[in-house]
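> I'd like to ask some things about the structure below.
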Amino acid sequence: MFFNYFNKNKKWFSINIIGIAIAFAVVLIVFSYTQKELSFDKFHSKADNIYRIQIDKPGRANKLDQTDDISSASIDRNYIVSLYDRFPSIKKIGFIGNLWQAKIQIGENEFSPENIYYTNETFFEVFDFKVEKGNRNTLLKKPNEVTISTATAINYFGSTDVIGKEITIKEPYAKDKIVTITAILKDAPNNSHFRPEILLSRSLKEMKENFGGYYTYLLLHEKTSIYELVNSINDYWSKNVKEGEVAPSFKLLKLKDIHLKSHQGNELGQNGNINSLIILIAGAVIILLIVIINYSNLNFVQFINNSKDFKIRMVNGASIFNLSQLLFLRSITQNIIAIGIGAFLAYNFNEATHFEYQLEIAYSTVLISALLLLIVFGILALLPLYLTGLSTNLSKAPDQGSRKFELSLLFQFVLSISALILTLVLYNQISYVNKNHLGHGDESILVIPEAPMIAIDKYDIFKEVALKHPEILAISASTVPPGSIAPFKYGFKMEGVENDKELRLTVLTIDEDFFSLFDIKPVAGSLKMGPISTAEWEHIAINPNLDIAGKTLKEYEANHVGFKEQYILNRAAVKMLGFSNPEDVIGREFKYNFIATYMFAKGEIIAVVDAIHYDNMFTKEEPIVMASKRIFNATYFVKIDDQNKKAAIDALTQEWNQLFPNDPLKYEFISDMYAEIYRNQYNEMKALTLFAILSILLSTLGMFALSSFSIQHKTKEIGIKKANGATSSEILIQLIGEYTKWVALAFIIACPIAYYAASNWLSNFAYKIELSWWIFALSGVIALFIAIATVSWQTWKAASQDPVHALKYE
């Protein structure tokens, strides 16, 4: 019985199956992903009372300092010290600090861990990272103690039986430190915003004696007023800065909110984004709504088409309950098939799309979701029986509900066109970002981040031997990897600029081929550098003992040809200095006041460049001065032959391994590094594109079904018009117009909605596209074309038939 019914109505049946399967798959995937994103850091038992203190606005030298308000996830050691024993609401303080370019030596072997941190003895009183071996109560309470993760122990030693063994920590510019392993940690779960591999003890006294920022977590007492605590901390610093300085501003962020809501400078890693999650959830809801509307409409259509059958059943004694039972069973049978297909699609989503997260869809989630959908769609299947009045009046002809159908189409196309406009906006903004950040999306530039000290010392040798290979086109270097903020910001002296003590500039060190490799052109001056400081000279200048450094440099300069420091400014720096014309700063004497006084010598400004977008395009590029300094250049850029990538990478690896056998070559393409920076925006674009395609597909299926039904019931009307002299073309235009007018109205409604949403999304970027009219027009044309293509064949078929046949049909 069911097979015969579905075979007779296979067009409607297929449309419903496709829609419900897609909706169920989308709901499962989005629910699973949302559940994972919302679970971050909740495994800590005290998570509700743990907050990270962050810099909302940095302190400034004084009120005239025009430093950009760059927030930071880490805070300076001096700020941490001030928190102890001063604020009663703080129960415990746990901090972690990165070990920059640290290496682990075990016997003759060296390793380069990614997540190695200094921390304090209260770390394990704040967090619940599980200890597999060792005494949790005594961890990190003594100097030179270290805990390592299970995976790290197996990787370094081949076993977890390593308690009491010693390893050597090697840091640049610091003495090697021998430490003892006192515990093995269970590997941190994937839903932790940081995953420590190695934790090294650092006392408060040691922290005071060492420069650097720390990620600082406060365990607060129950019912602490966050608002009052933040005000107390900010009030303390506003009263304790030096005269003329501007105090920093702090904020507290709940541990459980860091992954989705924290996007500060110096984050421990790339976090998720609450806005991306909202887009996903909204998209899933839209898909589900469209499917529900289509299902409701098609059920109504099927009911009208089969109303004679239901009347015959009732005449033969069937009750309303019997009819309800029949409709419900048909719905259940159809929907079980659709849900099975949807579940299959959801479980194979990862393999088909190579999604970055391994989604784990629990069977309970599938069963509960399936049950809810079966109930909802089962109820929808019964509505036509009661809404048409057939259940109470057997002789009544069911209302064909054309207005209801038209309004539902309008609603669907408003959602679809809005999604399409937003997709085009996101695509164009991402394209704009790719074309304007450093490298301009060039996929032939490799980045070697955090080069070891031995590589920094032998940079010139490495560059020379690597460039002998024809597949390697150019090599340059800079301070930090793309996407990072240069760490040095100091004052300067400049000819013709008064009160220069009030201003600070970020310095980005480079080498002489930086601008040519990235094809950066000057807006003023010349980027051709003359003689630059030698590595030997820089090693003398970095000496913290200024007397020794100054004396040694004088002896060095007496026996070597001197050089003149050459500085390049970006346009933001020129503006900060009060010049409107970049040409006005060229040739002016300049001296950067670095902490090592002799490192940056007195020189001149040789060029000005536009914004290079080294870090990101979310914020305005801060004022930057660039100069060549090998000793700070820990990031290498290698431009290779795009047509011969494998040979170039093989040659690069070969030369690297010969020079630095204990330091494996680690590289990324610059395009991939920036893709990671804009990962959330890429994901939003992909999600919106998918939702736009699905919503248009489902809306089109709905329009196809409803237009078929409508045209079928207008057969007599079409026949009469043709009999009265109407041409097929006139009838075709009239029938198509009935649908396109609703698409046009949907476009008018969707435009302001999409404009508001797009403007809100673009506000995240300091550098962005204009919302041009063509984006909206193109979306409207696409929607109109799809609508016309959907109904044209059916309308042409109806308009072209013989009017005699049409009148016989009735």
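A Cβ is built for glycine as well, from the same backbone N, Cα and C atoms used for every other residue.
Unlike curated entries, TrEMBL annotations are predicted automatically.
Residues or ranges marked as transmembrane segment by TrEMBL: 12-33, 277-296, 361-387, 407-427, 687-706, 742-759, 771-793. Per TrEMBL, the feature domain 'MacB-like periplasmic core' maps to 15-234. Residues annotated as domain 'ABC3 transporter permease C-terminal' in TrEMBL: 690-803.
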> Which listed stretch (277-296, 407-427, 687-706) has the most C-beta pairs under 8 A with the transmembrane segment (361-387)?
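The listed stretch sharing the most Cβ pairs with the transmembrane segment (361-387) is 277-296.
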> Between the stretches 277-296, 687-706, 742-759, 771-793, which wins on the count of C-beta pairs under 8 angstroms to the transmembrane segment (407-427)?
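Counting Cβ pairs under 8 Å, the winner is 742-759.
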> Hey, would you say the transmembrane segment (742-759) packs against the transmembrane segment (771-793), going by three or more CB pairs under 8 A that are 6+ residues apart?
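Per Cβ check, the transmembrane segment (742-759) touches the transmembrane segment (771-793).
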> Sequence-remote contacts (6 or more beyond its ends) of the transmembrane segment (277-296), Cβ cut-off under 8 Å?
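Contacts of the transmembrane segment (277-296) (Cβ under 8 Å, skipping residues fewer than 6 from its ends): 15-16, 19-20, 22-23, 26-27, 30-31, 33-34, 37-38, 260, 376-377, 380, 383, 408, 411-412, 415-416, 419, 684, 687-688, 690-691, 694-695, 698-699, 701-702, 705.
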